[in-house]
Amino acid sequence: MESLLTDKKKYFMSVIFDNFGSSLMTFAIPVYILGLSNSVLYLSLISSLTLLPFLVLGMPFGALVDKLNIKKILYLSDFIRFFLYFALFFIVVYIDSLGIKLWTLIIVTILVSCINVISSISETTYLPYLFKHTDDFTSLNSSIYSIQYILGILSPIVGGMIYSKYSIGILLLISSLCYLLSSFSFYYIKAVENKSNPKFSSEIFKDMFADIVKGYVYVSCRKTVFLPLVITAIFNILTANFQNDSLIFLKNIINLDTSQIGFVVSVATSGALCGAFLINFLSKKFEFHKLFITNILLQSILRIIYAQWSNVYMIVVITFVIDALQSILNIIIITNRQKLVEKEYLGRANSLYKTVLIGVNSLGFIIGGFITEKLGVRVSLLISGISLVVLYCVASLLYRNISKKRLRKNNIKY
């Protein structure tokens with residue numbers, strides 16, 4: 001029992017280090033690229049490019065996760081990211097060529113994105129092996145997301161202050177060390193290894209295509225798992241460029257500097273933490289599908305309102321609520337999947353979700369970036385909000401039909 005508790009502590013230590021390093025880079029890299037290129041469309045294209053590995057590698061990596069030792073995947077992934085960001089630190093600090101810096105940054109970002117594919121799939125898949133009771137998944141996911149959001153609040157403040165004084169170099173060094181500490185934390189977890197799984201060799205690639213197809217068929221045949229995937233994929237396309245739009249809005253329209261933007265983002269991101277705290281209460285009071293579609297409606301209304309304001313305080317309040325709703329949406333989708341999908345298919349189910357949801361962001365970045373470039377931030381946000389209202393109406397009808405079929409099956413009058 002004591003060993004298990006220790007392993008859980010190590011797991012959460014890894015979550016802390018991993019997410020702090022990731023949060024620093026999530027804040028710093030877009031600001032750095034925007035400063036080098038000064039192009040909205042270029043920033044959106046770079047954001048899209050970093051997500052393409054999920055489209056190509058998501059499903060194959062999901063099949064591998066179902067066969068390999070998940071713990072080893074996790075600590076090796078963190079170590080590789082440590083090495084990549086540490087190497088990038090030396091390039092940024094000691095190389096004067098702007099072109100070399102930019103291209104190295106792009107290459108490292110793409111490589112890190114490839115590692116993020118298998119790492120993110122493994123993290124979600126590992127949870128049911130380390131924590132046995134499905135009833136705990138909501139609170140566990142809430143705790144993990146709470147850690148992410150607390151760091152999301154602190155990282156832009158810390159990152160903004162450091163970036164304003166030292167630029168991106170020191171942030172790269174800090175981020176790389178965070179990944180190294182995360183790797184050590186995972187390495188020393190002793191329990192719950194899948195020792196029966198084959199070693200990494202040609203054996204694991206046999207029948208990979210068949211395994212991928214089985215995973216897709218498994219998910220697509222279960223409406224309660226597949227329908228949220230389809231709806232959320234459309235949602236992601238419509239909202240993917242919101243972070244870039246917000247950055248441009250704060251920087252170019254409200255005219256805030258980097259440290260001020262970091263502070264605004266941190267305050268707004270605290271809404272995500274609030275959402276993580278609320279989810280335990282909401283999940284006990286409401287069914288998944290009711291929380292799901294209501295969330296989409298509320299986000300659509302807030303994005304329409306966002307497009308009409310220029311007051312920084314009102315923007316912070318609206319973004320606070322949007323982040324809270326997005327936090328709730330993320331947690332209920334992950335928890336729904338972990339509860340309904342059998343363990344032997346969980347890696348492939350998670351990879352399908354990751355591949356589709358993060359992959360379609362590429363399309364959303366391109367569409368959103370193009371609209372923002374041609375029509376402006378306000379119009380882009382307004383189009384996004386109105387489109388989400390339509391999505392809400394369609395989702396409501398689909399879930400209503402599912403409810404009718406269930407009631408007919410049970411011979412209950414609707």
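Glycine is no exception: its Cβ is also placed from the backbone N, Cα and C atoms.
Going by TrEMBL, these are the annotated features:
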DOMAIN    225-414  domain 'Major facilitator superfamily (MFS) profile'
TRANSMEM  12-34  transmembrane segment
TRANSMEM  40-61  transmembrane segment
TRANSMEM  73-94  transmembrane segment
TRANSMEM  100-121  transmembrane segment
TRANSMEM  142-162  transmembrane segment
TRANSMEM  168-189  transmembrane segment
TRANSMEM  224-241  transmembrane segment
TRANSMEM  261-281  transmembrane segment
TRANSMEM  288-306  transmembrane segment
TRANSMEM  312-332  transmembrane segment
TRANSMEM  352-371  transmembrane segment
TRANSMEM  377-399  transmembrane segment
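Using the rule of three or more Cβ pairs under 8 Å, pairs at least 6 apart in sequence, the transmembrane segment (73-94) is not in contact with the transmembrane segment (288-306). Stretch with the most C-beta contacts under 8 angstroms to the transmembrane segment (312-332), considering only 100-121, 261-281, 377-399: 261-281. Same-chain neighbours of the transmembrane segment (224-241): 44, 47, 288, 292, 296, 299, 303, 329, 333, 336-337, 340-341, 349, 352-353, 356-358, 360-365, 367-369, 371-372, 380, 384, 387-388, 391, 394-395, 398-399, 402, counting only residues six or more beyond its ends whose CB sits under 8 Å from a CB of the stretch. Model confidence over the domain 'Major facilitator superfamily (MFS) profile' (225-414) is summarised by a mean pLDDT of 82.
When each of the listed stretches 12-34, 100-121, 142-162, 168-189, 352-371 is scored by C-beta pairs under 8 angstroms to the transmembrane segment (377-399), 352-371 comes out highest. Contact between the transmembrane segment (12-34) and the transmembrane segment (352-371) is not supported, since fewer than 3 Cβ pairs fall under 8 Å when only residues 6 or more apart in sequence are counted. Long-range contacts of the transmembrane segment (142-162) within the same chain, counting only residues at least 6 positions beyond its ends with a Cβ under 8 Å from a Cβ of the stretch, are 12, 15-16, 19-20, 23-24, 26-28, 170-171, 174, 258-263, 265-267, 269-270, 272-273, 275-277, 279-280, 323, 327, 330-331. Using a Cβ-Cβ cut-off under 8 Å and counting only residues 6 or more beyond its ends in the same chain, the transmembrane segment (288-306) has close neighbours at 228, 231, 235, 239, 242, 282, 315, 318-319, 321-322, 325-326, 328-329, 332-333, 336, 381-382, 384-389, 391-392, 395-396, 399, 402. Listed as Cβ neighbours of the transmembrane segment (261-281) (distance under 8 Å, sequence separation of 6 or more from its ends, same chain) are residues 27, 31, 138-139, 141-142, 145-146, 148-150, 152-157, 159-161, 163, 246-247, 250-251, 312, 315-316, 319-328, 331-332.
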